[in-house]
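The block underneath contains the structure these notes are about, expressed in structure tokens.
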Amino acid sequence: MAIKKQNLSDYDKTTVPNAKDFRFGIVVSEWNENITEGLYNGAIEALLDCGAKEENIIRWNVPGSFELPFGAKKMIHTQKVDAVIVIGSVIKGETMHFDFVCGAAAQGIMDLNVKTQTPVIFCVLTDNNMDQAIARSGGSHGNKGTEAAIAAIKMANLGN
Ligand SMILES: Nc1c(NC[C@H](O)[C@H](O)[C@H](O)CO)[nH]c(=O)[nH]c1=O
Ligand SMILES: CC(=O)[C@@H](O)COP(=O)(O)O
């Protein structure tokens, strides 16, 4: 039986630090744009709800999820940001390409978390089909972009 899913958009604002002093980078993949824009909207809404200022949020686009680690690396090295959120949507096709794109993106983003001093939040949906992606980017399971924004604030605040 499927485990009851927690709604990805649920958060208790009283447990989230105020984000007013933090700067955020958001790197967005253009593949499956209908999904990644939904994730981006969820992230922006939560960041602003928790005190972040619009002028402190920098957005860059990259072609696909495979390019997210490079985009995040460049963001870290050229912009003063306290955390980066990478947003992507990978949907399984007929071949193993899905596995390589997802694996490379996840490993590349983990490498940045280990090797740099800037947290990089993994907001990459890896779905079997479009319905699953829709459900997790503002649909019946909430919005992973919201979840990623809260994680970004908490990680930017780590140690404070
Ligand atoms: N099929 C998906 C891709 N594929 C493109 C790759 O991410 C990459 O841009 C290309 O291989 C050139 O390096 N990307 C996604 O984000 N989502 C997909 O479903
Ligand atoms: C995740 C992908 O790259 C995928 O969309 C490509 O589809 P296919 O495996 O059918 O070539």
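Just so it is clear, glycine is given a Cβ too, placed from its N, Cα and C backbone atoms.
Just so you know, TrEMBL annotations are computer predictions that nobody has curated.
According to TrEMBL, the feature 5-amino-6-(D-ribitylamino)uracil binding site maps to Trp31, Ser65, Phe66, Glu67, Ser89, Val90, Ile91, Phe122. Feature annotation from TrEMBL assigns (2S)-2-hydroxy-3-oxobutyl phosphate binding site to Glu94, Thr95, Arg136. Among the features that TrEMBL reports, active site, proton donor is placed at His97.
Secondary structure at Thr95 ((2S)-2-hydroxy-3-oxobutyl phosphate binding site), taken from DSSP and collapsed to helix, strand or coil, is coil. Distance between Cα atoms for the residue listed as 'active site, proton donor' and Val90 (5-amino-6-(D-ribitylamino)uracil binding site): 10 Å, as a whole number. Listed in sequence order, the binding-site residues among Ser89, Thr95, Phe122 whose CB lies under 6 angstroms from an atom of ligand 2 come out as Thr95. A count of other CB atoms within 10 A of each Cβ picks out Ser89 as the most crowded of the binding-site residues Ser89, Thr95. A straight line from the CA of Val90 (5-amino-6-(D-ribitylamino)uracil binding site) to the CA of Arg136 ((2S)-2-hydroxy-3-oxobutyl phosphate binding site) spans 12 Å.
Phe66 (5-amino-6-(D-ribitylamino)uracil binding site) sits 16 Å from Thr95 ((2S)-2-hydroxy-3-oxobutyl phosphate binding site), counting Cα to Cα. Proximity to ligand 1 (Cβ under 6 Å from any of its atoms) holds for these binding-site residues out of Ser65, Val90, Glu94: Ser65, Val90. In space, Ser89 is the closest of the binding-site residues Trp31, Ser89, Ile91, Phe122 to Arg136 ((2S)-2-hydroxy-3-oxobutyl phosphate binding site), judged by Cα positions. A 10 Å cutoff on Cβ-Cβ distances gives Phe122 (5-amino-6-(D-ribitylamino)uracil binding site) a total of 18 other Cβ atoms nearby, all chains included. Scoring each of the binding-site residues (Glu67, Glu94) by how many neighbouring Cβ atoms lie within 10 Å, the top position goes to Glu67.
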